Amino acid sequence: MSVDLGLTEKDYAWVINIFTVTYAAGKFISGKVYDKVGTKIGFVLSIALWSLASALHFFAKGAASLGIFRGMLGVGEAGNWPGAVKNNAEWFPVQERALAQGIFNAGAGIGSIVAAPTIAELFESYGWKLTFVIIGVLGFLWIIPWLIMNKTSPAAHPWITEMERRHIVKGRHESRQTIDPGPSLSVWKILSYKESWGVIISRFFIEPIWWLFVFWMPIYLFKEYNFNVKEIGYYAWFPYVGAMIGSLAGGWYAQKLIKSKTVDLSRKKTITIGAIIILISIIGAILFANTPIKFVCFVFLVLFGFQFSISNIQTIPSDLLSGKSVGTLAGLCGSIGAVSVIIMNWLIPIITTESYTPAFIILAVLAPLAVLSIVLLIKKIEPIDIE
């Protein structure tokens, strides 16, 4: 694809930053949209744009046109995460949300596991243009079961029992989330609380850890080991197994803790453990990853730790705010988190001319900073007393 379009490494960095900028803006916009129209219609809009943008890659002729289509993709894809947080807040009591978010994130991990070798095979068989079209068609098909299954909110959904309905409502941290969520808070009101800044800054620090490997691991394997597309596909899927397991483990562990501990302690302990795993694994990669197998094994552990933490960080907006404002805060978190990814993508070609070690050192520092942001700015993870 890079050869067909005549892309240099700097062009690649520019294109993924176009994606990341629109992804950042899209998270904030989609958070507001989801709070306005709800998750059912919100996901339809997001996935439809996502799928259309993917199919339009067929018409890319160079860096500029590719950047436009990646930008569209960023806006559509961005809605996935604030939508998930809001949907979990609607459908799950507080003690189950981290596990629910973990299962959702595990789905993304499974997708990455399947995608790496599958897309490599499609690329080899049909070329990159038709590969993007196939992915776009599959996205549109996803909308059909979504509309069938997500008929309405838990209060009126015909597929759940009255006992399940009561379980959802009873476990929420405040009944007004279901009965009377109240008005949606303005962005400025949300930002007036230091607790909001705690989770926003945490996302700013932790997001580059995931996206460096998503964006740059294929380039790393190509540059360090001269891998072709198929070889990259055969190696790149393995770290996402760690991400999938970490998503489930982090959600399960937090849910287990909440049975005997507070939400505050459960979230903070789980997030801290994940950050420690990230830190140790990145140090291990710097010191010992001298073969591609060792490298992907260490990345396996890094992504395990990331997802162990992030499934709990992502639920904090729903722990702090009520239904009509959850999507907005979740979108703000995603947007600010994407800003740090933009900075990372700009830095990578500059600091990795000789080695990727400087980039890995930066990631190692970011993990504990993400934890400190939450510990110092959110004294207690609980519903904010709205004045």
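Here the Cβ of each residue, glycine as well, is placed from N, Cα and C on the backbone.
The annotation domain 'Major facilitator superfamily (MFS) profile' is assigned in TrEMBL to 1-382. Under the heading transmembrane segment, TrEMBL lists 12-29, 41-60, 126-148, 204-222, 234-254, 270-289, 295-313, 325-348, 360-378.
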Task: Dominant neighbour of the transmembrane segment (204-222) in 234-254, 270-289, 360-378, by Cβ pairs under 8 Å - done: 360-378
TODO: Run the contact check on the transmembrane segment (234-254) against the transmembrane segment (295-313): 3 or more C-beta pairs under 8 Å, excluding pairs closer than 6 in sequence.
DONE: yes
Task: Averaged pLDDT, computed only over the residues in the domain 'Major facilitator superfamily (MFS) profile' (1-382) - done: 90
